[in-house]
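Asks: Quick paste from TrEMBL:
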type	residues	note
REGION	1-36	region 'Disordered'
COMPBIAS	16-28	compositional bias 'Low complexity'
DOMAIN	486-794	domain 'Peptidase S8/S53'
ACT_SITE	Asp495	active site, charge relay system
ACT_SITE	His544	active site, charge relay system
ACT_SITE	Ser746	active site, charge relay system
Amino acid sequence: MAGKRGTPTTKKKRPAAASTRKASSAASVSIKRAGDEPNAGRAKTILYVHGIGNKPAAEVLKCQWDDALFGFNLGERSRLAYWVNRMFYPDPVKASCKMADATQDVASAAAGAVAIRALADPSEGVEPLLPEDAQKKQERAVLERIAERTLRGAAPVEGLDAADYHLRVLPLPAPLREFISRRITKAFLKDVHEFLFIKERREIMRESVLSRLRTGGGPFIVIAHSQGSMIAYEALSSLTAADGVEIDLLVTIGSPLGLQEVQDQLKVITNQKKGLAVPAVVKRWVNVADPLDPVCADKRLSGDYSSTNGVGVEDFVQWNADSPKDPHSGSGYLRLSEVRGPVRDAIDRDLFQRIAPFTIARDLVGQMEGGAQEERHAVLIELRDQWDSPGQSRAADEVRTDVVRWITSSLRTAKPKLTPDDVDLEALSGYVAARLTRSEVERMSAELHLNSVYRVFRNARKRALLDQSINVLQCATAHRGYDSRGQGITWAVLDTGIDPLHPHFGYGTDCSNIGRVYDCLKPGAIAEWNPKSHPKLGVDRNGHGTHVAGIIAGGMRDFGISGIAPTVRLNSYKVLDDDGRGTDAKIIKALDHIFEMNRNSASLVVHGVNLSLGGSFDPEAFGCGDTPICKQLRKLWRQGVVVVLAAGNEGYLELQQGDEVIGLNTDLSIGDPANLDEAIAVGSIHKSKPHLYGISYFSSRGPTADGRCKPDLVAPGERIVSCRAGAKATKNMTRNSMYVAMSGTSMAAPHVSGVVACFLSARKEFIGYPDRVKDILLGACTDLKRDRMHQGAGMPNLVKMLLGS
């Protein structure tokens, strides 16, 4: 029976007729499916190594990969090893960040009938595909064998559903498949010839990887596509533990590392004549191949690369998201869960948020990626002070001297040697200005960001960074004066699930916040979590849902952290998957479940719901605030349930105008379901100084598309500290190991949920009357003196709510 699609497979020895290679002595590797378990990753930077053919400019290609992998620009958290030979390709491909990294020779080919017949005619053989500069007989022989392997034709791969395989292949006629394979092969041979046989070019390719690793910023994840995997393998094989470079994860996609001819050359290049092995600095290696991808004619590597320090290759054969039209597409591979899962497990999730702390500003990162390695960029370095670092006791002059000294020392080793005047070095009050190279900026960030360097800008102003926000909303005072802590109230959280065993929620104790934990993702009836019989159902492997829930409820006195309503009961509904994505149907399933529970009870079982999720809607199909989700939420509201929604993070957009990217704050950016009239839509403000900093730049702004005022109010949503999913209680646990900071209106909404839960716990006569609760909530808000379409009624004040009722 055929195995499941996308499942990992161990390599088996092929029949002698299919390959002349000797059987590998490497032991089979036992592999779990990528992304099955939550994992506290620690990687801080992702390094991309691109594949064959012409590419867009480096800064564009990097953000294309960021978008395919995460859905947003990672800024300094990712880097690109860029090795395109501009002698072959004088002009970069014209593209934008939202376009895919397609195989250019396929994407740009004139696929007319004549062109297809010319390239797809097997009678022409491989000779027309060989690069013109490959003149030596031995080189041409190797390239011919590689071409023959890539053009041999795909057959169903063991472990994949044969019917599904033929269903995908059938729409493309054989001549078109041959055409695509020959186009990819021709581009591949041109680049692989340079790597295998031209030492100077190979050194440039290797240095493109090593130069991005030497500057610090690790531990790293390296993702290498196509020939990029050959470059990455050689570069990583040259490193030892003494180099201080940590590679927590290597991901190879569409890789030719399985080709015998490539392996033969790599044994010589890397001086591994006895056999190739996993590079010693790599702690995990995942390889993903598409069944139709001609570059990875050999789909599995586990039998060819022996384990090192217990680390072997984990092979996944899965359809590229752009297959069969472009089975070698880089963006298509990056969108696969077999790639995203291991990456998600390896990263430090505190850093890899859409809104996250940074040292190097994103616009500066883009500028440096687009420049040459030694090009100098005008930067403004903001120095750390006691406000940026509460534990900072060093004088400002001392910090400034440290940065100036570091830059001056770096200039002495520059080639040619430079003086401070050569780079316009200037020490200012609170800042240092200079013209630095990309490598210098990255090294300075890695070495000084903890003690001296706060931010590095191109030209931007300072942006300030739940433990403080509870006081801003006057909740701590209400806890003490009115004993309004959420007791007797149950709140539903629809999100990515929850980590029910996080000690913040006190599961198993008399003061546990965990009511019920449901999983809505699978078809059929909603499943419920049980720590013994169903320990994985409804559990959060993304981190978003746990963070949201921790803002509403619970707390850990040892770390001085409390939810807004510390004793409220939580019902968690997992309606979004581990990538934070979901469908209307799953959300509606949860809302129906809540409605039925309340209807079948003598009194309300669930008093409020929090949805820190949303998206766009089609105005041609639905009225504003009248989508299917809005209708279900309106039913709950009319049943007596308070509905709290995140307004959205679309208040700031980047628009491409020619070669320029223009940033704009946008009105009319309230999404769905936040545009529901009855519900309480929440925008974001600074967590401790809302009067000074006002509305968060990313917070969606009103009015709604049909002209109503939204958001209804605003609450803290910047750098909010709450529960870290997957954290375990240990003797050595710390605040940083148990909690993580995130930003967004997703964090603002649960503040308001907590405020309302506290109010209802002290004023139970308002339970079941959400309209009256909303009036009291908005009537007691503190006006921040901002535009009403940005702030709504202002910032909630729990004490004023209680005093006025």
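The backbone N, Cα and C atoms fix where each Cβ goes, glycine too.
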Asks: Determine, to the nearest whole angstrom, how far the Cα atom of Ser746 (active site, charge relay system) is from the Cα atom of Asp495 (active site, charge relay system).
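Replies: So the Cα of Asp495 (active site, charge relay system) lies 10 Å away from that of Ser746 (active site, charge relay system).
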Asks: Counting only residues 6+ away in sequence within the same chain, which have a CB under 8 Å from the CB of Asp495 (active site, charge relay system)?
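Replies: Residues satisfying the criterion: Asp540, His544, Gly545, Val548, Ala549, Ser572, Tyr573, Lys574, Val575, Leu576, Asn610, Leu611, Ser612, Leu613.
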Asks: So, in DSSP terms, is His544 (active site, charge relay system) helix, strand, or coil?
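Replies: DSSP call for His544 (active site, charge relay system): helix.
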Asks: Could you work out which of the active-site residues (His544, Ser746) has its C-beta surrounded by the smallest number of other C-beta atoms within 10 A?
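Replies: Checked His544, Ser746; of these active-site residues, fewest Cβ neighbours within 10 Å: His544.
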Asks: In terms of DSSP three-state secondary structure, what is the assignment for Ser746 (active site, charge relay system)?
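Replies: The residue in question, Ser746 (active site, charge relay system), is helix (DSSP, three-state).
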Asks: Looking only at the domain 'Peptidase S8/S53' (486-794), what is the mean pLDDT?
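Replies: Overall, the domain 'Peptidase S8/S53' (486-794) comes to a mean pLDDT of 91.
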